[in-house]
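Features of the protein shown, as given by TrEMBL:
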- 35-47: compositional bias 'Polar residues' (COMPBIAS)
- 90-104: compositional bias 'Basic and acidic residues' (COMPBIAS)
- 963-973: compositional bias 'Polar residues' (COMPBIAS)
- 981-991: compositional bias 'Basic and acidic residues' (COMPBIAS)
- 1010-1019: compositional bias 'Pro residues' (COMPBIAS)
- 119-294: domain 'Amino acid permease/ SLC12A' (DOMAIN)
- 396-692: domain 'Amino acid permease/ SLC12A' (DOMAIN)
- 1-60: region 'Disordered' (REGION)
- 87-109: region 'Disordered' (REGION)
- 943-1045: region 'Disordered' (REGION)
- 140-169: transmembrane segment (TRANSMEM)
- 209-230: transmembrane segment (TRANSMEM)
- 250-267: transmembrane segment (TRANSMEM)
- 273-292: transmembrane segment (TRANSMEM)
- 413-433: transmembrane segment (TRANSMEM)
- 453-479: transmembrane segment (TRANSMEM)
- 491-510: transmembrane segment (TRANSMEM)
- 553-571: transmembrane segment (TRANSMEM)
- 577-598: transmembrane segment (TRANSMEM)
- 610-635: transmembrane segment (TRANSMEM)
């Protein structure tokens, strides 16, 4: 029954939706989405039928067309509930190695771990390690209880604050495998993430070297000293030190090789032994606490022999005395023989030995002995100083030479407070162990904060109590004895342990081995995670590994870097190195949490609530302080490494968008800066051209004038704002794909031309409105363009290009109205590309009217670029008859000196001259085109044919009058060789030789009245004022046709031959044409060889008539020049003489 109902419903649905399908031959309407033509309900495709059945009867008919992009909530929740994180390494690799059929069968999910096994115990194992067993007693002895407690408290506070920040980040969503690197990179972005990830990797790698060195130190000094290849017996000072370091290097390399093989064979062995190693650590610590308790009522017997107040090396003698009574006589001891030349009482002995007594000190006096008061304060020493007992008498002479120094316990390094910080800090690292296993946890968001903070609290308590207990139980001379030379070569912490020192020795040996294996296991996986992210291209090879994912290449690199630490060979030298890298990592974890909290990004919703940005900043400050406290030069090196990696990723790495905090900072900073810019316009000193580049596109959505962006790059040099704007004709819904293609094309060209800026594509029903929208709406707030760069319209005289020059003039008007500067390069195809270089030449500036200084500023900016750098700047200014040209030059030189501009100066005098016949002819041809079109109310095609007949006849009359003086030249670069045949004769007609023009004038009975280019009136009887003269335009749209029979060629010829026709011309146009022609003569004479000519651009006529006349004036003004940059100021000063 239900199936029948469903079937009926389906038929009803088909019936209801039938009308639209009946019109399927028409293109889909609306937003043009192809899904509209094949909805699920009335589709016949198999996939659509399945979808129809899937959503039928679920009340989803309204949304069924969007199910591909917007799934149902039930399916979304189902996919989220089944989320599994299989990118973690160790468990799955172990299963893959054990199971031969693992490749054929789908990987089974490894059992997840809880808080204790997954976070707490691994953190404990990583935090408690080599420093506790090998250096903690020495730190207490050197720094004192108070000083060491301060160091421990400071370092533990740093890791606790970092753990709080890390917990907030780790609980802000699912943390996949990768742990700390993943958290930092996704919070601070790929640049910071990569830099800190590499630092964390290097820290982990050097930690492996430190653990191996600790392991070798325990082996060679405390377990089997006889195994040393380079023997220490009989060596003193530097020789003994070199022998010890060489032993460390040889055995360290062997152990590193063995550990690398174990890790390569399989991490399963490391994982299985991890609990054993952890048990060794816990047993060792319990043995120490048991020994402290026992010392309160039964202190262990570890006597220390002192000569005067100097502690003696316990090897080489059995009795702590100079002589002993035996058989009623005095017999010398082995100790006597060490300082004297014979065993007899009358032997010659060391002076210090003779003058001081031998005493025996109890090394472990016990917790109730009150030794704590003696150990409260520090006892810093220079390298080679004697370990001395406070309070014991010593008879010594400062100037006496030191002999038998190898018999005493000496300080092996110079100590100071900051050194102790650097050596101790690695003992609190390891807090990331839990977050690094995030993929193996049942509930990472719960386990990571609880387990990590509990582990830090536990280990911090252990460290702090150990500091106090060591100071209260062990004598200071034993604490300062780093290698236990005064206590029979025992590990100092072992002397306190119960039941035997060997518990600590064996336990610390296995714990250091385990920690080294853990480092060699974790570091390659961290490098593999970084490599697989692809943010550092040259590391990509390390993302590969064995078939089961084991990072083979990364392990090889890790072992190689680890060998560097082994070659250093000194535990005290390696520890500050890894302290730097860990501190930098922790610093950025705190920074990430603080930024996310302060920016209040919508996605920042951590489940861990016990955090605050002030705590994160405090932790970050502590990390930075500790870096410079430990070692300022190591800190600088670590920062340089991180900075280089940051810049490398920024310039060469893959683009990643991870929603990071740095992007949030950029947005906040940008908003703040934009709000500040709104407060007022920039000062003249800060003014620079913020350019809106208007480019046009061809039919394939490619930029027509690529050299326009080359000029932009040369002008901007990456500074300031650049917006490359273009327009597409149509509607947004229908033409959106074209916009995307256009934007992609413009961005690609911007990248090629190295133009740093923004691309903006506007769709409008016509290109004129789109350009206007770009000029009006470009930019944001105070960051808007103040200059428009647009190319001179090509082929503007062709009828089909009529819209180009009209749009251009509107752009000029709009920039003037908007108080924007305008830069118009003419003949843009002749401009140099970014790869070209001018080795010599000039940039000529023709300063005709003052425009706020744009003409001075633009050459200076261009000469900053390598293309124009070798060009020299020349400034020409025009003087009239009544101007003092000598004084003008002096004033201009002074002005340029104050502007700090280096340029040659020349003042050009413009002589008043008669208006030539050429000028009248050119003006007449220009006006006739407008006037005849006005008088003839013809159709569109007829008007075009009429224009053709007028121009042809006028050219013919001039040819007949001047047959020998015509010369054929092409236009000055804007019209290509493919210009129409009808246009070429006109170009010829405007190039009459100057002598012939004079003959034309002299051949008439009267001559025109001389006029100055700037005189307001022309004393011609028939002339009218410019305001009274009506200028008409002529239409040039449509196609050219044949000459109509309406116009009499003879009438046109007579019109050109009659002088009254000249006198009836609009004298305003005649004067403008005369000024353009005279100015062009001067410019061509002075600047024809210049690489670039900049000159003031006159404004278009205020009324809408005669616009094509304006274009003719500009053509005459720039005729004969190769590269011209027409410049209009924006109505404000852009250059100043003040600092």
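Every residue gets a Cβ built from N, Cα and C, even glycine.
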Tertiary contacts of the transmembrane segment (610-635), as residues 6+ beyond its ends and Cβ separation under 8 Å: 154-155, 157-158, 161-162, 164-165, 167-168, 418, 421-422, 425, 576-577, 579-580, 583-584, 586-587, 590-591, 593-594, 597-598
Leading stretch by Cβ pairs under 8 Å, where the reference is the transmembrane segment (577-598) and the options are 413-433, 453-479, 491-510, 553-571: 413-433
CB contact flag for the transmembrane segment (491-510) and the transmembrane segment (553-571), at least three pairs under 8 A: no
Average model confidence [pLDDT] within the domain 'Amino acid permease/ SLC12A' (119-294): 86
